[in-house]
Amino acid sequence: MTRLYPSMAFTNIKNSRRTYIPYMISCIITTAIYYIICSLAGNENLVDMWGGNIIQSYMGFGQVIVSIFAFIFLFYINSFLLKRRRSEFGLYNILGLEKRHITKIILLETLYTYVITMALGVLLGILLDKLMYLILAKMLGGALPIGFYVSWSGIMKSLSLFGVIFLLILLNSVRQIYKSKPVELLRSDNMGEREPKAKWIFAVLGIICLGTGYYIAVTTTNPVAAFAMFFVAVILVIIGTYLIFTAGSIALLKLLRKNKGYYYKTKHFISVSSMMYRMKRNAVGLANICILSTMVLVMVSAVLSINVGLKDSLQQRYPEEFTMTSLADDPLNDDVTDILLNSMENNGLEPKNEVYYDDFSISAVYEEDEDRFVTDIDSYGGLSGIRAYSKIHTLVFVTLEDYNRCMGTDEKLESAGDVLVYPKDSLKTDNIDIFGMDLHVTGRLNEFMASSNAAANITNGSYVIVKDDSVMEQLLEKNLEVYGNNASFISFNYMVDVAGDAEENNDAIVNAYDEARQQIDSLHQPEGSSFENFTGSLYCRTVESESFGTDFTGLFFVGIFLGMLFLMATVLIMYYKQLTEGYEDKKRFEILQNVGMSHREVKKSINSQILIIFFLPLFTAGVHVAFDFPFIFRVLNLLGLFNLKLFALCTIGCFLVFTVFYIVVYILTSRLYYRIVKK
């Protein structure tokens, strides 16, 4: 008898290959991806590359996400397998096998599946790991080591993680076997379904959650607030989606049934009644497809936009070829600008668009009701975190003299309390009440000089032109009184571009930068200065472009890996849904034909239901992405992406490609459905 168990377990897997092979393939791919991420996270060669430590931190984050995904996804898919085999287990009981014997068979099946999927998954991971590392090294400009690398820690982590998952799956399967009676198991496929009840409270709650999530996504305009509220909105949309699919769909169908004029028509009568039972069985699975589809669309479009838009982000961060920022009262500022210009001249570079000015940045919470900027700690502390984030506004003060010189204009301000504002629609108020000072907005500007002020870009920022240095000094004094050691200071900004094509002058630009850096590093503060060294930093756009974006390389890789996982999950759930629907509709075809409907009518009715069932998640995912679009864009602002058109094109393109992919998967899996139904 003992020798029979391994044979039965192997035969069961072989006979159930239609359901087992996709399950095993998903386990293999998930294992391979997890191994690759673990391997890259622990690869010592990666640490030595520029930005390698950042990439490894992203990979560590990816390990957590893949672990959670693997646990939920494999458990969910296993439930399909278990459901299809309940009658088989019941038959074993009737034929004389006890539950402990069935447990041994399930144990061996699980063990075989684990050994096969781990062996192939780790092997696939090892083979692809080298390729992924070579791609990363190429992107980071690192050396390409010769040899074959195997991450033993990655293997152990993979075996341990999936060992725990398979053990929990085994325990869950055994639990279901022991709590069921043999007759229940045997007749599980033939048991009638109860009509689903309309859970109105959950349906309304789903609408509220979804509506609240959409409201947050549409109304949050501050990038910092968007980042703070991101996970809140995501959780609300996920909860709302599950409730809408599970309770809202049933409630809607119940309402349609109450409409007698609509319901008592042949095509509506059958469709509405059947859809009620379909949604009861498939609601959670469809919600899963919807959520996974949304994740794929958001993740791929965001990561693609960031990588395609790196050039725009670089231009936004460094408007001119050379940028220098320091404290305005640093005695070395003039020396540094002279060093830079001389270095450019020595390397045959002609300067153009020279811009220099002082600015002073203050971030405060704007209280619209009081029409003032909250800066005192007592008032600020009374605000909730989310409320404060949504109201943060950065004011960048510049003198009128600096503005007119840089822009070549002749703007005027009559008194010390008058200011000009840019952009013209950035402030709703005509009075800036800050630190007890009342500044009156007398004009709004259409243009402003080049600026690399990141705070003004990622928050609700405004450039405020004040009359002269005395106003700036007054603001500085007030700022020091309120914020003490956390106060900001007046900064000196110097930017200059290079005439001609930057690519043609690449070597000369790099040489000029290196020459200037060496001289700046050797500078010493004059006697009596309160500073030890030069307080500023010099940046070169060409030099920064070589490393710019390495922060996003790890994000790109993790995004691609997770996108592949979610895509695989979507395909597999669709496959098992078609499989389940095929077996269910096979009986339904016979019943409907027996009550007088023609084969054509039955096929038309069921086809329309299947189309609705499988394309409802895609439609809902499209709605999710449309509402989340402005919200995601605000979050991407924090990562340096400000090109709205690019993000829109990437999102639309990803949705169209995903739709085509979704249709192809539906067509391919529907063949399985019709093959089962026609038997």
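For all residues, glycine too, the Cβ spot is worked out from N, Cα and C.
Per TrEMBL, the features are as follows:
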TRANSMEM  20-42  transmembrane segment
TRANSMEM  54-77  transmembrane segment
DOMAIN    64-182  domain 'ABC3 transporter permease C-terminal'
TRANSMEM  105-128  transmembrane segment
TRANSMEM  148-171  transmembrane segment
TRANSMEM  200-218  transmembrane segment
TRANSMEM  224-253  transmembrane segment
TRANSMEM  283-306  transmembrane segment
TRANSMEM  555-576  transmembrane segment
TRANSMEM  610-633  transmembrane segment
TRANSMEM  645-669  transmembrane segment
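Contact between the transmembrane segment (105-128) and the transmembrane segment (54-77) is absent: fewer than three CB pairs lie under 8 Å, with pairs separated by 6 or more positions in sequence. Long-range contacts of the transmembrane segment (200-218) within its own chain (CB-CB distance under 8 A, at least 6 residues past either end) are made by residues 229, 232-234, 236-237, 239-244, 246-248, 250-251, 627-628, 630-631. Within the chain carrying the transmembrane segment (645-669), a Cβ under 8 angstroms from the stretch's Cβ atoms is held by residues 293, 296-297, 300-302, 304-305, 308-309, 312, 567, 570-571, 574-575, 577-578, 614-615, 618, 622, 625, 629, 632-633, 636, all 6 or more beyond its ends. Residue counts for the domain 'ABC3 transporter permease C-terminal' (64-182) under DSSP, split into helix (H, G, I), strand (E, B) and coil, are 101 helix, 0 strand, 18 coil.
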